[in-house]
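Report on the following structure.
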Amino acid sequence: MEEKQKLLILYATQTGNAMDAAERIGREAERRACPVSLLSIDQFDPSSLPDQRTVIFVVSTTGQGDTPDSMKVFWRFLLQRHLTQDWLGAVNYAVFGLGDSGYQKYNFVAKKLDKRLSDLGGRSIIDKGLGDDQHPSGYEGTLDPWMSSLWSSLYQINPKLFPKGLDFVVPDAELLDQPKVVVTYHATNQVHSLSSDTSDLDSRAVQIECARLMSPAKFPSDKSRPHCWLRMTSNSSLTRAGCGRDVRHLEFEFHSSAVEYEVGDVLEILPSQNPDVVDAFIRRCNLDPEAFITVQSRDADDAAAYPSRMPIRLKTFVELTMDIASASPRRYFFEVMSHYATAEHEKERLKYFASPEGREDLYQYNQKERRTVLEVLEDFPSVQMPFEWLVQLVPPLKTRAFSISSSPVAHPNQVHLTVSVVSWTTTFKRKRSGLCSKWLAELDPQQGVYVPVWFQKGLLPAPSPSLPLILIGPGTGCAPFRGFIAERAIQNQSNPTAPILFFFGCRKEEDDFLYSNFWISHSQTGGVLSKEKGGGFYVSFSRNQPQKVYVQHKMRDHSQEIWDLLGKGASVYVAGSSTKMPSDVMAAFEEIISKEGGVPKEAAVRWLRALEKAGRYHVEAWS
């Protein structure tokens with residue numbers, strides 16, 4: 001009975017943001033003397049959900065409206081038909097979602113979870129909260145006011161959750177607990193080195209695995225040790241020098257053993273951080289780079305789930321797991337810093353940044369300027385945080401995902417990538433660049449560079465040779481379709497293949513017409529993009545004329561061809577920027593179906609939804 005008086009918080013996260021938000025809700029509840037049980041949703045038995053009195057769900061939406069991996073089993077359970085309309089009749093719940101309004105299916109997981117819980121008889125405590133990455137303060141812009149309403153609503157339905165009353169709040173200074181991790185230091189003579197017959201790359205792979213398995217970020221076990229190493233063989237620019245954009249064509253070959261992949265798959269790369277920045281961080285924090293450490297959860301259950309690993313050098317652990325050079329710290333980082341600031345003016349500023357009143361100023365200082373962990377620490381020199389807190393709070397070093405632009409059939413033993421080098425200038429004129437793209441662009445193939453990688457299934461399934469295709473890929477969205485078309489050209493040499501319509505877009509023909517010779521050659525007589533084959537290649541140059549022309553305009557110009565190919569069972573593939581392009585392309589399809597099919601707009605929308613459900617409309621978009 002006592003357990004039911006706890007506030008249960010379940011989170012489903014893909015990148016860690018939902019976990020951060022759930023932990024924040026948990027900390028705010030504990031400040032109000034409300035007992036909390038915080039679990040990842042895959043640690044919770046869904047069959048016991050009716051036994052809970054109050055549950056807060058914090059869920060992120062991934063890709064194009066997909067549930068996080070950790071939520072898939074839970075969600076399948078909720079969809080079982082035998083569950084009755086009053087199955088959750090005794091459960092009070094609230095849902096907070098994390099999403100990006102730049103995507104079509106914004107916060108789709110939170111919305112469908114909220115509806116399903118209601119359909120099963122659950123009582124919503126408060127309207128679902130929808131955090132938006134596009135908000136100036138990120139998801140916290142919605143979370144703060146949502147939590148304020150949450151506490152009063154919870155108190156009304158179950159005052160026992162707040163034994164000291166709703167107005168009671170523990171001061172921050174009294175709430176700071178121990179960090180969640182324990183760092184153990186090992187004497188050098190107690191550390192066993194890898195056997196001498198282990199290659200340097202094998203040794204590095206073991207280091208990556210050990211470091212990432214020890215990290216409190218809880219990287220999935222299949223994302224710990226690299227699937228393989230790739231050796232860079234080519235690094236060339238696809239854009240005109242001085243045009244304001246730098247897009248690279250990178251080629252790699254497998255080292256030792258090859259990994260099977262298909263067109264449409266995704267390559268994840270663990271970037272290297274600048275050694276000078278790593279050294280500066282270690283000096284700033286008064287750490288011993290040569291110390292051997294192991295990191296373990298302070299929680300006994302977590303510690304048992306992750307048995308102790310081989311000790312690793314502190315510097316290596318920082319390099320491989322802690323993003324000190326590109327990611328901005330979370331608000332809780334500033335709150336913990338305030339406890340360790342010895343200069344009073346620094347303490348006051350940090351406490352202000354960590355407060356709801358300081359949220360907008362923190363955004364201006366931190367997120368908008370994309371200040372790194374090292375830059376923040378250097379701005380508050382009196383702060384000396386214990387290494388355990390740094391391990392817990394520094395954003396994890398994540399792999400970066402890229403659509404593969406090669407075909408294993410057309411490019412055996414090779415992997416190609418099309419990488420846009422991310423760079424921008426902040427409001428206060430700081431030069432910023434993407435950690436991974438900048439690192440890749442600066443690699444010299446002549447130096448014998450090896451890159452640790454993981455292969456993953458993307459959202460664009462490999463098509464059969466007999467499937468007609470309508471491809472829309474502006475900018476670097478063309479990357480996966482280079483692999484599609486190269487593979488179909490090989491298949492076409494032995495047997496006739498289905499036609500392909502491809503719509504590409506860029507700014508200017510002379511600046512960033514990526515792979516122009518490749519597309520043009522395949523659109524000529526007999527090529528897989530040629531009119532003789534029933535296909536076509538159409539390109540829009542948005543800045544070549546006063547009025548901007550995008551891929552959706554070219555689609556409308558060729559609506560009859562699109563309609564004819566849809567009638568022949570074509571599948572649609574869309575890839576590129578998530579900002580507006582996918583929704584603009586969807587709107588263009590709706591217009592084309594309505595016009596060419598002679599049906600009302602509403603019928604065209606239903607037609608497209610049916611196409612999606614049939615697995616014939618695929619989108620892979622990135623921010």
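Each residue, glycine too, has its Cβ placed from N, Cα and C.
These features come from TrEMBL:
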DOMAIN    7-151  domain 'Flavodoxin-like'
BINDING   THR13, GLN14, THR15, GLY16, ASN17, ALA18, SER60, THR61, THR62, GLY63, ASP133  FMN binding site
DOMAIN    225-468  domain 'FAD-binding FR-type'
BINDING   ARG370, ARG400, ALA401, PHE402, SER403, GLY434, LEU435, CYS436, SER437, TRP622  FAD binding site
BINDING   THR476, SER542, ARG543, LYS548, VAL549, TYR550, VAL551, GLN552, ASP584  NADP(+) binding site
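Close to THR62 (FMN binding site) in the fold, though at least 6 residues off in sequence, lie GLN14, PRO68, VAL109, each with a CB less than 8 Å from its CB. When the neighbouring Cβ atoms lying within 10 Å are counted for each of the binding-site residues (ALA401, LEU435, VAL549, VAL551), the highest count belongs to VAL551. Counting Cβ atoms from all protein chains shown, ARG543 (NADP(+) binding site) has 13 others lying within 10 Å of its own Cβ. Non-local neighbourhood of THR13 (FMN binding site): MET19, ALA22, SER40, SER60, PRO68, SER70, each in the same chain, at least six residues away, with C-beta under 8 Å from its C-beta. The shortest Cα-Cα distance between VAL551 (NADP(+) binding site) and any of the binding-site residues THR15, ASP133, SER403, LEU435 is the one to SER403. Cβ environment of ARG370 (FAD binding site): SER326, SER328, THR426, ARG430, ARG432 lie under 8 Å away, each six or more residues apart in the same chain.
For ASN17 (FMN binding site), the same-chain residues 6+ apart in sequence whose C-beta sits under 8 angstroms from its C-beta are SER60, LEU98, TYR139. Across the domain 'Flavodoxin-like' (7-151), DSSP classifies residues as 58 helix, 34 strand, 53 coil. Cβ neighbours of SER403 (FAD binding site) (same chain, under 8 Å, six or more residues apart in sequence): GLY264, VAL266, LEU267, LEU417, THR418, GLY458, LEU460, THR476, ALA479, PRO480, ALA575, GLU620. By a simple count of nearby Cβ atoms, those within 10 Å, the most crowded of the binding-site residues THR15, SER60, THR476 is SER60. Looking only at the binding-site residues THR15, ASP133, ARG543, VAL549, ASP584, the one with its C-alpha closest to SER437 (FAD binding site) is THR15. Here the Cα atom of THR15 (FMN binding site) is found 12 Å from that of ALA401 (FAD binding site).
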